[in-house]
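A quick write-up on the structure given underneath.
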């Protein structure tokens, strides 16, 4: 009886191992160009028919244009996603960021991606903060041609404390890295003022007045 039970356990383990070996986390084709017209929902975007793929599916024109993309008037930066359909499912996203003199891309983090940024022009104070309890700042003033890396999920920021516009090209390790702007998430989400006052060691009136700026 005992031997039969051991054989059964061994068979279950072998079966599970076989299924595990069959799992392939890597793409199973050369590319999966995004079909943005599809209504199918998958972990990514469904693939176009390879017969309809062209070189333009791997091209993005316009990275040279300063100030293009989504504008943050509150903070003084613009962000231009570099949309390349041929990168679908490959775990990559690229963005051009322009920051006006005296402006910031405020403290934020990407829950699903690390980031590497190269300075295209100007100079910026760029860095990240390690996790609790150290909370150590790792930052440098970056010049044109410098590259800086941010580990996944860590709070980071950039500040153009110079007199000239600055631009960066950032590469992230996820097709959908997520973006959490810390101040917006805390003060613009509707969290109770008394909770925020306790968290920031201040009074309720101050927390409320800060929150009003984000909810305006």
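Cβ atoms here come from the backbone N, Cα and C positions, even for glycine.
Note that the structure is predicted; figures quoted are calculated from it, not measured.
Annotation comment: TrEMBL describes 108, 110, 115, 156 as Mn(2+) binding site. Here TrEMBL flags 110, 115 as oxalate binding site. The disulfide bond annotation in TrEMBL covers 32-47. Among the features that TrEMBL reports, domain 'Cupin type-1' is placed at 61-208. Summarising the annotation, TrEMBL assigns signal peptide to 1-22.
Sequence-distant neighbours of residue 32 (disulfide bond) (same chain, six or more apart, CB under 8 Å from its CB) are 44, 47, 88, 89, 90, listed in sequence order. In this structure, the binding-site residues 108, 110, 156 were compared by how many other Cβ atoms lie within 10 Å of their Cβ, and the smallest count belongs to 108.
Same-chain residues with CB within 8 A of the center of the 108, 110, 115, 156 CB atoms, the Mn(2+) site residues themselves not counted, are 109, 113, 128, 150, 154, 155, 172, 177, 179. Neighbour count (other Cβ atoms within 10 Å of the Cβ, all protein chains): 22 for residue 115 (Mn(2+) binding site).
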